[in-house]
Amino acid sequence: MTTQAPPTSLLPLSPEQLARLQAAVGEFSPTQMAWLSGYFWGMVNQQPGAVASPAVAAPPPVTVTLISASQTGNARRLAEQLRDDLLAAQLSVNLVNAGDYKFKQIAQERLLVVVASTQGEGEPAEEAVALHKFLFSKKAPKLSETAFAVFGLGDTSYEHFCQAGKDFDSKLAELGAQRLLDRVDADVEYQVQAQQWRQQVVATLQAKVPAQSTAPTQFIAPTQSTTPAAAAITSGGTTTVSPYSKTAPLTAQLSVQQKVTGRNSEKDVRHIEIDLGDSGLRYQPGDALGVWFDNDPALVEELLALLWLKGDEPVSIDGQNMPLAQALLSHLELTQNTTLIVDKYAALSRDETLIALLADKPALQLYAKNTPFVDMVRQAPSDLNADQLVGLLRPLTPRLYSIASSQAETENEVHITVGVVRYDIDGRARSGGASGYLADRLEVDGDIRVFIEHNDNFRLPANPETPVIMIGPGTGIAPFRAFMQQREVDGASGKNWLFFGNPHFTEDFLYQVEWQRYVKEGVLTRIDLAWSRDQAHKIYVQDKLREQGAELWNWIQQGAHIYVCGDANRMAKDVEQVLLDVVALHGAMDAEQADEYLSELRQARRYQRDVY
């Protein structure tokens with residue numbers, strides 16, 4: 001929630017004094033600000049006739065700076081929990097979103113705690129990219145006066161597990177900082193590890209820093225990331241707390257499920273509309289919809305048959321007893337495999353092929369990525385019992401989809417654009433867990449459990465006159481549909497430019513009629529389209545960006561905000577390289593200057609990405 005300053009007429013300061021004060025405090029770190037607050041309090045409350053002296057002022061409280069580097073909200077929620085723990089222990093804490101952290105002040109930090117998630121192939125969370133770049137640059141200062149701890153969040157199904165956390169931990173140590181605790185690398189099911197780590201952090205800091213005798217000062221960066229992200233949304237200057245979250249989702253109803261790619265398309269993309277009813281669930285353009293799903297019953301039956309299990313065997317999931325079949329249907333992950341699961345299953349099955357695979361890490365990673373658990377069991381039969389099976393599998397996790405609508409237009413509905421995952425293994429048709437559920441198994445008017453994952457790192461500019469550049473091939477177009485709905489309702493006068501790409505114009509132009517209407521009515525100023533397979537030479541959105549480099553630079557010079565949504569591993573990296581090339585060429589900069597310029601755009605929230 002943003003707190004507005006009172007009118008200057010109500011302040012005990014003249015406009016000139018207020019201006020000087022604001023200019024002065026901008027130079028101080030949170031620790032220095034805390035000391036000054038105590039110093040000024042002492043000046044006001046001193047005995048008559050006494051002379052204020054900095055030498056006798058109370059020692060400044062040592063502030064713990066807690067940086068949240070979150071991609072899907074988990075790191076942010078963990079950081080908020082740790083903040084509350086530290087406040088309860090009467091320690092001064094400053095919780096800040098990595099994207100808002102003024103990293104040039106890092107040399108002044110004495111106690112630093114980082115909660116960092118990893119995205120894609122070992123990349124830091126989008127909001128932490130600038131901080132990551134700074135620490136790995138020549139400008140990073142020595143941190144010999146800093147003590148730190150790092151908690152890494154990741155997913156063992158990816159090769160570079162918790163790489164961002166590892167990067168922050170190793171670089172901080174390399175710069176001279178001292179570890180308070182060993183780094184923790186946590187998998188998808190991180191809650192138990194996180195709770196233990198929080199207790200260790202509090203105990204360690206309590207031993208290192210005396211508790212404050214009065215309520216600790218807490219400096220919070222002006223960002224919604226410090227509120228419970230899954231349950232709060234700011235609108236019109238007020239914050240509305242929602243009862244719905246990842247752990248307490250809303251049961252909504254599917255109202256529309258429509259294929260939006262052509263009959264001959266190689267892609268199966270669905271437009272999904274979900275009725276929120278009178279739930280009061282609110283979201284903003286840029287947010288994501290979390291979707292809980294059930295596995296395919298046919299997949300459950302196939303797995304049970306392969307293991308000679310009936311499905312009625314009693315098992316326990318998070319302390320709740322249920323039949324094995326129910327656990328497999330609604331509580332355990334069946335469509336994603338990991339190297340750790342392959343390792344454990346190889347030991348249980350004693351399959352020679354799997355055991356040999358363990359010695360070849362690249363081959364193991366590829367196998368786990370491309371072979372669902374049920375197909376591994378089929379290829380390497382075993383006689384697991386129900387408890388062994390449950391012990392192998394990971395808990396089911398919801399999938400996040402970029403929201404493709406604005407409530408300013410759709411009111412009590414939320415729309416998403418879903419690329420259905422379909423593939424064959426040994427002649428057997430397979431589909432993605434959530435995408436197959438939405439496309440094939442969930443019926444219209446059927447119940448669906450959803451929640452909003454707020455993303456304050458992907459927001460339209462506050463000024464409606466600001467130009468907007470949107471780069472979203474494939475299903476990456478989803479949030480830009482929401483952006484355009486919002487800009488149209490707001491009557492925003494700023495220019496809008498869309499870059500979109502897909503294989504074929506006739507089969508894969510998602511929401512074609514809507515974009516044509518926006519162009520005709522002047523809401524969409526420009527649209528550049530890249531059809532990769534409509535000609536012999538493949539053309540992608542990054543090629544269109546390079547082609548329009550001069551005009552792109554002109555828009556950037558006019559203050560345009562740049563947004564990128566879609567594939568993190570290839571498209572987003574290629575687009576960023578083209579942006580760097582455009583900045584260097586048309587801005588007359590060398591590669592290092594262009595990289596710094598793009599980092600400055602990112603810091604100013606003029607370059608935002610929602611990549612996955």
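Residue positions begin at 1 at the first shown residue.
Using N, Cα and C of the backbone, Cβ positions are placed for all residues, glycine too.
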Among Asp567, Asp574, Asp581, which is the one Swiss-Prot gives for the NADP(+) site where Ser532, Arg533, Lys538, Ile539, Tyr540, Val541, Gln542 also bind? Asp574
Enter the number of other CB atoms within 10 angstroms of the CB of Tyr401 (FAD binding site). 26
Mind looking up the mean pLDDT for the domain 'Flavodoxin-like' (64-202) in the predicted model? 93
Nearest by Cα to Ala434 (FAD binding site), of the binding-site residues Asp155, Ser532, Tyr540, Val541, Asp574, is Asp155
Nearest of the binding-site residues (Arg399, Thr417, Tyr540, Asp574) to Gly73 (FMN binding site) - Cα to Cα: Arg399
Report, in whole Å, the straight Cα-to-Cα distance of Tyr612 (FAD binding site) from Asp155 (FMN binding site). 13
Calculate the distance in Å between the alpha carbons (Cα) of Tyr612 (FAD binding site) and Asp574 (NADP(+) binding site), and round it to a whole number. 14
Which one of these binding-site residues, Ser117, Ser532, Gln542, has the sparsest Cβ neighbourhood, judged by other Cβ atoms within 10 angstroms? Ser532
